[in-house]
Amino acid sequence: MQILMGMLKRGRFITFLPQPVMTGFVNALAILIFMAQLTHFSGKGWVMYALVVLTLLIIYSVPRFTKAVPSALVSIIVVSVLSIVLHLDVRTVGDMGDITPALPVFHLPQLPFTLDTLLIIAPYSLSLAVVGLLES
């Protein structure tokens, strides 16, 4: 849909959106992502909260000293090393699910290719295409 909108020159309509609307959209998206992540570290004890605070401190303080290394990368390395060296009891990716060593096999879903299916999918695909245009 995005390619079709691009070919039809519909992306120029995005320029009519005022900057405060775009900023509000991106901020609302950030809040939704933040709220979705809260469940992953709530109720896990003071160690988890201390690591979250340390991570945020690193992310916001490293750019004051250097911009050569991404602050998020520094925080991931520091907190990971601390967790491993101090044998901290924190959740890992392996605790949340299995990690398979192979890449997933590509296959198309077994859905009927009918007008009813397309009518169900169309609003969602259109909204995702518009969000993609807004973000680019």
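A Cβ is built for glycine as well, from the same backbone N, Cα and C atoms used for every other residue.
Long-range Cβ contacts of the domain 'SLC26A/SulP transporter' (1-43) within its own chain (Cβ-Cβ under 8 Å, at least 6 residues beyond either end) map to 49, 52, 91, 96, 125-126, 128-129, 132-135. What TrEMBL records for 1-43 (among others) is domain 'SLC26A/SulP transporter'.
Taken from TrEMBL, the feature domain 'SLC26A/SulP transporter' covers 50-136 (among others).
Feature annotation from TrEMBL assigns transmembrane segment to 21-40 (among others).
Marked as transmembrane segment by TrEMBL: 46-62 (among others).
Here the transmembrane segment (69-88) has long-range neighbours at 47, 51, 54-55, 58-63, meaning same-chain residues at least 6 beyond its ends whose C-beta is under 8 angstroms from one of its own. According to TrEMBL, the feature transmembrane segment maps to 69-88 (among others).
Among the features that TrEMBL reports, transmembrane segment is placed at 113-134 (among others). Sequence-distant contacts of the transmembrane segment (113-134) (same chain, six or more residues past either end, CB-CB distance under 8 Å): 1-2, 5, 10-11, 14, 17, 22, 25.
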